[in-house]
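What TrEMBL records for this protein is below:
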- 498-584: domain 'DYW' (DOMAIN)
- 49-83: repeat 'PPR' (REPEAT)
- 119-153: repeat 'PPR' (REPEAT)
- 284-314: repeat 'PPR' (REPEAT)
- 318-353: repeat 'PPR' (REPEAT)
Amino acid sequence: KLHALALTTGLAASPSSFLCNTLLHVYASCGELTCARKLFDGIPDSHKDNVDWTVLMGSLARHRVPFEALRLFVEMGNAGARPDDVTLVCLFNACARLINADVGMQGHGWLVKMGFESSTKACNALMDVYVKSGLMSEARQVFFGMEEWTVVSWTVFLDGVIRWEGVLSGRGVFDQMPERNEVASTVMLVGYVESGYTQEAFSLLHEAIFGWCMRLNSVTLCSLLSASAQSGDVMMGKWVHVYALKTMGKHMDVMVGTTLLDMYAKCGRINTASKVFEYLPVRNAVTWNAIISGLAMHGLAKVAVGMFPQMLREAKPDDLTFTSLLNACSHSGLLDEGRRFFHDLQFVYGIRPKVEHYACMVDLLGRAGEIEEAEMVIKTMPVPPNEVVLGSLLGSCHVHGKLQLAERILNQLVQLDPQNTEYHVLLSNMYALEGKLEKANSLRHILRRGATRKVPGISFIHTDGKFHQFSAGDKSHPRTREIYVMLDEMIRRLRLAGYSPNTSLQLLTGSDHVFNEEEKEQALFSHSEKLAVCFGLISTRARIPLYIMKNLRICQDCHAAIKIVSDIYEREIVIRDRSRFHHF
């Protein structure tokens with residue numbers, strides 16, 4: 001309204017009034033980037049100072065267009081405007097968001113050349129660029145070259161040490177800090193939780209709350225819950241839940257409530273997540289997306305789809321809503337519903353489909369055997385398909401035996417990501433099943449020679465406040481002997497129940513030795529998922545549910561075996577793999 005008044009009265013017509021400059025600052029502060037840029041472009045260069053350039057740069061960096069902030073910095077130099085230390089802070093913030101160390105290093109040069117090394121804020125922002133880029137030697141050089149350290153300086157450095165050098169090294173830095181605030185304590189706590197140091201996290205929480213009288217705010221609670229969701233540490237998540245109830249009561253912050261239900265869903269407790277959702281006093285689009293996504297991950301597609309009409313009464317769906325809905329339809333084979341959501345996405349709700357939507361649709365059609373329609377969807381994409389889209393179609397070719405199409409797709413995937421082995425493994429298995437052993441061995445020979453990388457499968461289980469990690473054939477655990485005794489007994493009981501190991505899909509690499517059936521079976525028996533299950537069986541009381549996480553997809557043989565294990569030992573077993581939850 002004030003802008004309109006300035007225009008209609010003619011006051012804005014005079015550049016010397018600097019009204020447009022002030023309005024630029026208003027729009028930039030409010031995140032109205034289009035209006036801010038239009039005003040900025042209308043101000044003559046002679047009436048722009050470095051504050052105007054810096055304000056717009058900062059707004060662009062903050063509001064998800066950091067690349068435009070870098071372009072504006074170049075324009076600023078071409079216009080002859082001289083940046084100050086605040087300008088460099090905005091530049092480094094944009095570099096940190098883009099994880100662009102190259103431009104950050106150029107900015108480092110400007111900082112030294114223009115004599116801003118004494119600016120603590122500029123050095124903190126530069127250090128953040130190096131930390132986010134994993135360049136800890138450069139970050140350390142900036143940190144120890146600073147004239148004075150603030151709590152922000154220490155916190156940025158602490159974050160880098162924890163992220164790249166480990167949580168134990170981070171604790172050493174944390175203990176040296178002369179002053180600690182909530183942010184630094186949150187960084188340390190999140191580091192502990194993400195690394196599986198639950199007992200140490202609780203000890204630090206006790207010290208912070210009762211020793212330093214620190215009150216955990218919503219940002220700290222959300223950070224802890226996100227870390228718990230990532231690590232699967234439901235014990236810490238439950239503690240945060242109780243703390244939030246005690247401090248917020250029934251009026252729980254919507255951000256905390258949303259992160260809380262997301263944590264329970266990602267830790268395998270979808271029923272608890274649903275209860276949290278039900279009792280939240282306020283729900284927004286992010287909350288609805290979280291519960292729909294959680295239900296989809298757990299294979300409860302019909303419940304997820306059924307919640308969509310309820311969502312429309314409370315919140316406006318966005319692109320993430322439809323990604324979750326299409327994902328739900330894909331995992332449960334709801335073909336008609338998926339087609340309808342994909343159509344309505346653009347033509348009813350006016351949302352332009354993203355690559356993620358196309359990937360979900362290709363996966364849905366491929367799983368349903370509609371391979372030709374999936375190919376047509378890929379051809380209609382406005383951008384070239386990425387490896388997720390093509391990988392989904394390759395997986396469908398494997399399921400439905402479309403060998404020729406799979407060969408074509410593999411060639412495209414190799415161009416996109418030549419180092420990824422998963423696609424070679426899939427095609428090699430397809431050749432083996434079709435009896436084309438020569439081609440299968442050729443692909444396996446490439447893997448053995450190390451021309452491509454093989455991501456190792458790792459499974460985790462959380463018991464007694466600690467994380468236990470297993471890889472295939474792992475014998476590094478302190479209770480290895482007991483685990484393998486349990487494994488032998490489990491395999492014996494599985495065989496009696498009718499289990500037959502599926503060795504046709506077992507790929508063994510690393511030498512030119514030809515493995516026989518017995519060796520392949522032994523390799524299958526010691527997959528990381530089975531070792532984690534065995535450890536869970538010997539470490540927990542009878543009939544206690546087991547919750548296991550894996551970094552890759554669970555293999556078909558482990559899926560079949562664990563289904564029988566669940567029945568034999570009368571255990572609920574929940575496995576979270578890379579794409580979804582499997583409830584046995």
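Just so it is clear, glycine is given a Cβ too, placed from its N, Cα and C backbone atoms.
TrEMBL does not curate its annotations; it predicts them automatically.
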Mind tallying the repeat 'PPR' (49-83) by DSSP state, helix then strand then coil?
26 helix, 0 strand, 9 coil
On the 0 to 100 scale, where does the mean pLDDT of the repeat 'PPR' (49-83) fall?
93
Which residues of the same chain, at least 6 past either end of the repeat 'PPR' (119-153), have a Cβ under 8 Å from a Cβ in it?
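Distal contacts: 85-86, 88-89, 92-93, 95-96, 99-101, 104-105, 107-108, 111, 159-161, 163-165, 177, 179-181, 183-184.
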